[in-house]
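Visitor: The structure's right below; bear with me while I get my questions together.
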């Protein structure tokens, strides 16, 4: 009897399979544009109980001058100090009452204000964000109090040697240009920025055509569009509006091969970053450069079995105790970038060897990258990119950043296909184009007396393998 039941069940399953269809249940990004140019983008998950909504603005420290450097970051601090409708206390209380998290950050090319809340409270979150963006009081007393807060933040940043090195790397790579400035700005600017500077930055940069309102998780696209029309329709438009992702007539930054060395023999380690000019977000070489960066990857001597990792550079450095750690990077901006490596070492007498073998591996990419390491790098890159899209806030970050920088959003499947399309020949091509015999920017901090001069390091950028 039991056998007949099992056979009947099997026949039933076979019947079901013959009628099965494949359905793409994955979320997709809906994009609309208001009459004033503000973009609304959503990736809805109807059954989600929480949502992230935020505004991504195509303006950061790059939109400042030498005199106003630090204004965008200062504004980020002032956003939570009260508006015409809400005092600081009322704003904080309203956010707490709905159990939301309100946050903001500034980068060199973007400013972001976002909130994570329950789905039912999305209208309140959008109202709060629109209020702080358009109606912040910018009171003189609050500005004066915030100076001390930002100066303390600057002191904390100065203690993070990686941050210090990368700020110097930008400063030498893009000398005298907006991308070379720090995000917080110099101390003198922090002490001198006035309300008029903040108001002028808002008027110039907080315009509808430079903003993307993003919603992810438990949000409905049409509902968010209506909220955008209600709260953002009065936003002005730039004097010379451009579609998001379109480069302005501003001249592309000039990459300068140069260096900055800050020697401090009291430190037990040397911190060195070296980079060539990279590519912008929309460059056709973006994904090949990302794969090449993934070939080198990251390494730390605390990792177990580090000498057995697939990266040849990891094996060389770990086997010879040349460094404590290294981190490869491919940093992109709208029209340029930095591609390189950041090393930390207490083997101070062998800094020359550390850089020599690193650049030797860079050189090898122009001549003989292997199929195996390229395929491994592609798998690692895909895993890293796709696994980073975990949670509504991470997805909102991805959507906002992509639309602001390129005017569109690549789906995870499209990203996967773009990475898969990278070949060994592509790696050779981009290595020859961006690495071989190119000038580099170098920033070094700490106990760096053993670091050889720029000219000798430069020779390794085109040395033969043998």
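Here the Cβ of each residue, glycine as well, is placed from N, Cα and C on the backbone.
The active site, proton acceptor annotation in Swiss-Prot covers 76. The feature Zn(2+) binding site is assigned by Swiss-Prot to 73, 77, 153.
Please go over these features one by one and say how buried each is and what sits next to it.
Guide: Under DSSP, residue 76 (active site, proton acceptor) is assigned to a helix (H, G or I) in the three-state scheme. In sequence order, 104, 105, 106, 111, 113 are the residues near residue 76 (active site, proton acceptor), counting only same-chain partners six or more apart with C-beta under 8 A.
Look at residue 153 (Zn(2+) binding site): DSSP puts it in a helix.
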Visitor: With every protein chain in view, what's the tally of Cβ atoms within 10 Å of the Cβ of residue 73 (Zn(2+) binding site), excluding that atom itself?
Guide: 25
Visitor: Test of understanding: give the count of other CB atoms lying within 10 angstroms of the CB of residue 153 (Zn(2+) binding site).
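Guide: Its Cβ has 14 other Cβ atoms within 10 Å.
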Visitor: What other residues of the same chain, not counting 73, 77, 153, have a CB atom within 8 A of the CB centroid of the Zn(2+) site?
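Guide: Along the chain, the qualifying residues are 74, 76, 106, 146, 149, 150, 184.
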